[in-house]
Amino acid sequence: MLLFLTFIQTIFHYSFSQTTQNINVLLINEENNALAEKSFEVAKEYVRRNPSLGLAVDPIIVVGNRTDAKAFLENVCRKYTDMVSGKKPPHVVLDFTTTGVGSETIKSFTSALGLPTISGSFGQEGDLRQWRGLTSNQTQYLLQVMPPADLLPESIRAIVTKQGITNAAIIFDEFFVMDHKYKSLLQNIPTRHVITPVKSFSKDEIKTQLRSLRELDIVNFFVIGSLRTIKNVLDAANENQYFGRKTAWFALSLDKGDISCGCKDATIVYMKPTPDAKSRDRLGKVKTTYSMNGEPEITSAFYFDLSLRTFLSIKSLLDSGKWPNDMKYMSCDDYDGKNTPTRTLDLKTAFQEVKETPTYAPFFIPEDGSMNGRSYMEFTTDLSAVTIKDGASIGSKPLGSWKAGLSNPLTLTDPENMTDYSAQLVYRIVTLVQDPFIILDEDAPKGFKGYCIDLIEEIRKIVKFDYEITLVPDGSFGNMDENGNWNGIVKELMEKRADIGLSSLSVMAERENVVDFTVPYYDLVGITILMKLPRTPTSLFKFLTVLENDVWFSILAAYFFTSFLMWVFDKWSPYSYQNNREKYKDDDERREFTLKECLWFCMTSLTPQGGGEAPKNLSGRLLAATWWLFGFIIIASYTANLAAFLTVSRLDTPIESLDDLSKQYKIQYAPLNDSSSMTYFERMANIEIKFYEIWKEMSLNDSLSDVERAKLAVWDYPVSDKYTKMWQAMKEAGLPNTVEEAVARVRASKSSSEGFAWLGDATDVRYQVLTSCDLQMVGDEFSRKPYAIAVQQGSPLKDQFNNAILQLLNKRKLEKLKETWWNNNPKAVKCEKQDDQSDGISIQNIGGVFIVIFMGIGLACVTLGVEYWWYKWRKRAVIGDVTRVQPVKLSKNEISTNEGKKNENVSFRSRNLNLADLKRKF
């Protein structure tokens, strides 16, 4: 029996030894990649302990410095030459170099000598410069598989795309190579980003680095590296107080553990790889049985699988007879740059068909085309949100996963939850109160309302962001001083204390040199004049103000004096009616000019009704004619002056343009201090001065000929100095510092022809006129400029806002904003229409006439009452009935009147008569 077992063992050993393939491997590695070499040793040990694989690996290992390419190549060539001369040429070159000139040197070495190579270097398609121009045959035996550290950064692209992130800082450590990803990682994605290595492990230096990134307005931070690196960066961010809703933090690592930091209150989205379910048992067995304990675990597994798969691929080619029998090798010295051997080796297919169970995750190898830059370990990462408070992790919330790939998206358990872990785009807006564009309102959500607030709200619906708005500290839009220093909104943007300048900010050439402007959101706005509205003074008794009081008193005096003289003349003239009753007894008009009748006659003579019967005596008639002439002149003068007085008072418009304002001196004028209007007038004045200096230099230039000098000889200065004089007048008047101060000075004007006029933006002037009835806008606009939103120079907000504003313009939203804040402004007032020259006399100026007539009617009514009372109710003496009346002695006139009645009987009917009646009668 023992003999039989020995025989069987001998036969088995003989049979096994016949199928074992000896594989010569040239392993080329870097000094800082010891983990790869250790995994290779584990793979070699795995082959040795598993004789069923039928492999025997005979490696030659070369380790070099990635920065010293020459020494590295010399060492590789020496080892390679030794292998060829020793009749053990390498079946395959395992290239574990990662990046840099050393790695590119190895690629050049293997392609030049036609050596079958499998590389684990970093780099996507086209990144390996020495393998870019490979022939179709070469792509079958010069193969590259990207390591996990080259795939994990691709998850950043998936996160950025999913979250719609517009800015990002990607910080990595020495375990990752990002040189080739500066352009490709976020290519064709509108995300402003910075990729930078961690400067050091010093917390202070990391704090400074983070601070410089934050100054670039970056709010999304990706830290990709070891757990130690992540902790250092998070601790520095905690001390800089960079956690909160305004920032988002993402940590990516190949390590197995959980992240930790001394953060006070932070939530970090953490991504780490996890082995496939089918590979976990094998991974555990390899780790325990073969001591594969290198970290990161996934990296060790990658190099182990890459090495083992390479061994099995070569064995497959050898066993199948597909390995060329005439495989020729040439030394480095024999290569002349053109004599690269031609290979017909299909190592790619053999590598792809290996059925060995993966240790961590399967390899992805494309079916067609080259493997280089397209093959990788297809591992899976877990995505979770880790909350840390006071340095301790208090919870981890699963968010989803990501499968390694060059363009694979995130797989989220709840897509809505992911939005909670992105930084809110909170832009800092600096503004200046300017009705109706920016209005302070404590009840408004952001503390402000107005045209610009509605505009930014419409923009944020398109661009998706939030904002904080504050007032500019110095209350200025932004002007440059003599030293080139800026103030106001422009300064805040230049010094990056604000992201957006939002107000009625004019686009100016010098401002465009230091900040960027969006497309205009408002029409061209010029400068115009604000003045006090001329008010025509009204008075119900304005018709009495046509003549001065002295004239009225003189007319009254003339009236009473003439009436008195007329009474005197009628009383004493022997030709008057009362002194010649017999002479005028047959006249139809017999008027006795008592004092009362004289007063009545002179009064009615001034009216169209006339005074009635004139005096009979010549002196009285002469006096009446004089009074009539006097009255005619007075009435004519009064009528003419009344019409002129009412018309001239409505023609008081002394200023109608800027030229009118510059030619007078009674009205002071000035723009706001440090405003664009001030800049305009100051510059225009300086330009005039410059022109004068140029003209003077030309005129006094001795080098000119007599003919040329004669052409410059003029009596007057040929260029206007209007703005020079205006600027001087403005400085003398004093420039107001605020709109309120300017409007107050305008309102304090005595009239429209004396006081103060404010020169400001037409929108400011128009709003003041809109909200008050005592101001007016005078003249046409000049120096027109558009309003636009200002952003930091080079800010991506410019393009985003441009797109949004153009959309709003196409949707006519900007017109609706104008309608809201101008035509339908709640502060707009309705003013009474001012009289113009075509209007008639208003009731305010002529109403006193009606008061006079009503007063006259009232006085007549009172007089009627007095008369009635006098007649009806006054106690009077009564004479009883009489049947006989004593004869009364009659005057001559009465006797002559009754001569024709001598023969008639005279009889009287008795009636009641009082004494007053008797006296008046007799």
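Here, residue 1 is simply the first one shown, and the rest follow in order.
Note: Cβ is positioned from N, Cα and C throughout, glycine not excepted.
TrEMBL entries are annotated by machine, without manual review.
What you see is a predicted model, and the numbers here were worked out from it, not measured in a lab.
Of the listed residues CYS332, CYS452, CYS598, CYS332 is the one TrEMBL pairs with CYS77, by disulfide bond. Record source TrEMBL places CYS831 in a disulfide bond whose other cysteine, from CYS602, CYS773, is CYS773. All protein chains included, CYS77 (disulfide bond) registers 17 other Cβ atoms within 10 Å of its own Cβ. Taking a C-beta cut-off of under 8 Å and a sequence gap of six or more, CYS773 (disulfide bond) has these contacts in its own chain: LEU533, VAL829, CYS831, GLU832. In this structure, the recorded positions CYS332, ILE655, CYS831 were compared by how many other Cβ atoms lie within 10 Å of their Cβ, and the smallest count belongs to CYS831. Per DSSP, the secondary structure of the domain 'Ionotropic glutamate receptor L-glutamate and glycine-binding' (436-495) breaks down as 20 helix, 13 strand, 27 coil.
Across the domain 'Ionotropic glutamate receptor C-terminal' (426-824), mean pLDDT in this model comes to 84.
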